[in-house]
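Listed in TrEMBL for this protein:
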TRANSMEM  26-43  transmembrane segment
TRANSMEM  49-70  transmembrane segment
TRANSMEM  91-114  transmembrane segment
TRANSMEM  165-183  transmembrane segment
TRANSMEM  220-242  transmembrane segment
TRANSMEM  254-274  transmembrane segment
TRANSMEM  286-308  transmembrane segment
TRANSMEM  328-352  transmembrane segment
TRANSMEM  364-387  transmembrane segment
TRANSMEM  393-412  transmembrane segment
Amino acid sequence: MGIPLLAARRFGPLFATQFLGAFNDNFYKTAMLFLITYTLLAGDTAASAQIVTAAAGVFILPFVLFSALAGQIADSVDKARLVRIIKAAEIGIMLVGAAALTLGSVPLMMLVLFSMGLHSTFFGPIKYAILPQHLAPQELLTGTGFVEAGTFIAILTGQVAGGLLAPQVSAWGIVAVAVLGYVSGRQVPAAPPPGRARIEWNILASSLRITREVTRDPQLGRAVLAVSWFWSVGAVFTSLFVPLVKGDLGGAETVATLFLTIFSVGVATGSLVVARLLKGAVSVRYAPASAVLMTAFIADLYFAILAFDVPHAELIGVGAFLADPGSWRIVLDLFGLSVAAGAFIVPLYALLQTASDPSARARTIAANNIINSGFMVAAALGSGVLLKAGLDVPQILLAVGLANLLIVIPCLRIHRIQRALGTV
C-alpha cells in the first residue's frame, strides 16, 4: 500500500510539500545558528548562546499565538488553495532569508525565523486535516506514518545541510527548496471545506476556546495530552544530545550528529512499522506498550552511559566512539527508544484526524499544536531548572523516562473508549 500511495496525486504532492517545508525550516534555522555561533559571534560564547536560546522561542511563538486562527481558516477555505498561498509566501520569506544570511544581519535573520514559524503554523493544521479528505479510511494510518517518518527525516537532513554548507550556498539553497515546495504544492488536489467556520480574530479568545473544546472530549483530550508529551520527550532528548555526548561520553560534534541521526531514523522506522502492524486500523492498542518500551530503553540507556568508559583526553569522533564495545549498547538503546516513540505517536495523530468533527478537524490539529508548544516550552524550562538544581544530563533523561510511564494511563483510557465505541 505504501509505495502506490506515495505515487498517487492525492498523497504524493502533499507528502513532498510537507517534507520540503520541514527540511527548509531546519535548513535555514541551522545555517543561521551556525553562522551566528561560528562566524558573527565566534568570540562571544555567552552572546551566541543567548541568541540560540532566543531563536527557539522566536520560532515557536507563532504556534502559540496564531494556531487557533490558522485552524479556523483551514476549516473555512479550500485547503489546497491555502497550500499554494502559504508556499508562495515561503518563497518571499526565503528570499529575505537569503539576504539576511548574505548580509549577516542577526535582526533580519530572527525576523525571517519568526516568519518561517508563522508559515509552519498555518501549514501545520492543513497537512493532517487534509489527509482524511484524500485518503480512504484504511489508508489513513499509512499516510500518517509516512508524514511522521518524512518529518523526522526532513528535520535531520535539513539540519545536516544547514551545518555543512557555507552560508552563501545555504542562501541559494533555501530559496530553491521553497520554489520546489511551491511547485509540489500546486499539485495538491482540491480539498473544499465541509462547511464554513466563523473566524474569530481575537487570537487569545479563539485559542482558549478551541483548546477548551478539544480537551473536554474524552478521546481527543487524552490524545492531545499524549502527543504533547511525545514532543516534550523529543525536545528534551534532542536538546541534550550535545551536552550528553560531550560531557558524559567524551564525544565530538560528529557523535552528537550520529545520535540525532539514530533518533530520527528510529522514529521514522517506528512510524512505518506500527502502520504495518495495525493494517490500516486507527487504534491505540500498541501505544501503552510503546510507552513502557520507551521507559525501558531510557532506563537501560542511563545505565549504559554510566558504564561507558571515557578515558580520552580529547573528544572522540564517530569511529573511535563505535570502536568502544560499550557504545553499541547506547546506540541500540537510543534506536529502540526512538522506534518505540514512532510506534507511539502515529496512531495518536491518526486518532486526532478520525475522532474529530470533519468540519472542525483543522481546529483540532491547531489546538493540538498550541498545547504541544506549551509542553515543549515547559520541558525546556524544566530541564533548565533541573540542571541548575544539580542534576546531570543522564539523571534528567532518566527522570523523563520514569515520568513517561504516567502517559500509559490516558492511552489505556483511549483504548477502552475505542473498544466501547467499537472503533477497533
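Don't overthink the numbers, they just go from 1 along the chain as shown.
Cβ coordinates come from backbone N, Cα and C, glycine included.
Heads up, TrEMBL stuff is auto-annotated, nobody curated it.
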Same-chain residues near the transmembrane segment (364-387), Cβ under 8 Å, at least 6 residues beyond its ends:
56-57, 60, 63-64, 67-68, 70-72, 74, 121, 124-125, 128-129, 207, 210-211, 213-215, 220, 224-225, 227-229, 231-233, 235-236, 239-240, 352-353, 356-357, 393, 395-396, 399
Is it the case that the transmembrane segment (220-242) and the transmembrane segment (254-274) have 3 or more CB pairs under 8 Å, with pairs at least 6 apart in sequence?
yes
CB contact flag for the transmembrane segment (254-274) and the transmembrane segment (328-352), at least three pairs under 8 A:
yes
Can you work out whether the transmembrane segment (91-114) touches the transmembrane segment (26-43), with the criterion being 3+ CB pairs under 8 Å where the paired residues are 6 or more apart along the chain?
yes
Which residues of the chain, 6 or more past the ends of the transmembrane segment (49-70), have a CB below 8 A from one of its CBs?
25, 29, 32-33, 36-37, 41, 106, 110, 113-114, 116-118, 120-122, 124-125, 199-201, 203, 206-207, 209-211, 362-363, 366-367, 369-370, 372-374, 376-377, 380
Taking contact to mean 3 or more CB pairs closer than 8 A (sequence separation of 6 or more), are the transmembrane segment (165-183) and the transmembrane segment (26-43) in contact?
yes
